[in-house]
Amino acid sequence: MIKCIIIAIIIKLINTLPYCSDININKPCIYNGPIQKRIFVLKSLTPNENKTTEEINEENWHNVNKGFIHYLYRSSVTGSGPTASNGPDTSTNTTNNTTKDPTEASTVTDGKGANSTAMECNSSNIEEYPSGVGREPHSVTGKTKLINIKLHNSILIPHLRHVQYALNMGVGTPKQEINPIIDTGSTNTWVISQNCISNTCEGVASFNSKKSETFNPINEGLKIKFGTGIIKGVLGIDNITIGNDIIKQQIFGLVNEENSNIFNVIKFQGIIGLGFPKLAFDHHTSLYDNYSKQINADLIFSLYFSNQYSYLMMGGIDKRFYKGDLYMLPVIRELYWEIKLYELWIGNIKLCCNNESYIIFDSGTSFNTMPHTEFLLFKQYIKPKYCNGLENIYEEYPIIKYKLEGGIEINIEPQEYIFLHKDKCRIAYMQIDVPSSYGRAFILGTQAFMTHYYTVYQRQPPMVGFAKSVDPSELDPNIKSLINNF
């Protein structure tokens, strides 16, 4: 009886959430905003790795059992000087209290101007850290202080890009076709230049600026830091074509050199960033912002992923892709698409959160992730097991529940987080620590979340939304026909 009353209260609370258009403050609400103005088919790519995604998952669990901790660094840098990406330097009194031990909870600073931007920029040099990419522990510069993590029994993750979704676009006049991956965790657009001098650039689709009638160079350098190396290049201006639309005089990066062998690991021809302006090239307007303005669209995009069809929608949502209400939640910081996490439950076992915690929505990560402390508890209750041929296997596993602001919940069903590998039911979760002064990060990726939930990303006010996806077999036939135009 008590359980029924509690469930009824939660349902009533969610049902009484206002529509987003009825409130002027950034609070949980039900989306009733604009519909999409453009819809594009996305092509699913897999990394050029010797290991499959399933093997990466298996290795992660094996390493945790051996006592290792996997970690991934986010930059904790504020720009320096008036030309920096965040404007004037406000980091003088900022201290990043990144924990020395990734298994311990991080504390939140109240330092003046504290933030964790993903890049450091000036007029001659630009550094960017794309989403899903490992950060070097010693790559942080400037006045912001970083306390290094203990490396004993720790494994630096070079990248988290187990899956990528590419959008077809043209660069230059006449247009040269490139298939960059979309990235919810960065803001800039960059492609591989045909002038790239590194051996690993061979065989990668690239842009030849000399063949474009509309290209103009910019005297600014580009440096992209990965956990295993650096990519260097320059900025340029040219026309970019997406679908039937031409975005004129767009600033983007051209990669001329890479020393990290990254193109042999991650299969991509470039990136289109869909993040916040604070991460943009030295105050330059991003492709996403310019394109939205050109088609007179709100700064909203939405994503539908499935094993069969995947789509990017610009300017709003499309109700044909989801069912039920679409809940919107405020973004914590205008740097990444992240929201506050209040509680995490494994069935009737509460796993967290006694410390500040948040969820990152990352289209470049395949599996969901947890910090080390929570993952150790998690694997006590949910373990891989041999299951080939066993009936009703899902009944043996609990629902994983994320409790969010406003009584909103994300429920991950067993059939959504279990996958078969080598006659074994494996769990689509991994242990990844993201040391930060802002709390503990839980990533929701594509395989165990975004292929089951339609997601929405709104700039003003900054919010992330989600609703249960429509099964690809039930999609409108008119939508399916778009795949033939890719």
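Along the chain as shown, residues are numbered 1 onward.
Including glycine, each Cβ sits where the backbone N, Cα and C put it.
Automatic, uncurated: that is what TrEMBL annotation is.
What TrEMBL records for 80-89 (among others) is compositional bias 'Polar residues'.
Sequence annotations record features per position, and here TrEMBL assigns region 'Disordered' to 80-117.
Taken from TrEMBL, the feature compositional bias 'Low complexity' applies to 90-99.
According to TrEMBL, the feature compositional bias 'Polar residues' maps to 104-117 (among others).
The domain 'Peptidase A1' annotation in TrEMBL covers 165-467.
What TrEMBL lists as active site is D183 (among others). The DSSP secondary structure for D183 (active site) is strand. All chains included, 26 other C-beta atoms sit within 10 angstroms of the C-beta of D183 (active site).
Note on C196 (disulfide bond): other Cβ atoms within 10 Å of its Cβ, all shown chains, come to 22. Under the DSSP three-state reduction, C196 (disulfide bond) is assigned to coil, being neither helix nor strand. Annotation comment: TrEMBL describes C196-C201 as disulfide bond.
The active site feature in TrEMBL is assigned to D362 (among others). According to its DSSP assignment, D362 (active site) is coil.
In this structure the C-alpha atoms belonging to D183 (active site) and D362 (active site) are separated by 8 Å.
Just so you know, of the recorded positions C201, D362, the Cβ with the fewest other Cβ atoms around it within 10 Å is the one at C201. DSSP assigns C201 (disulfide bond) to a helix in the three-state reduction.
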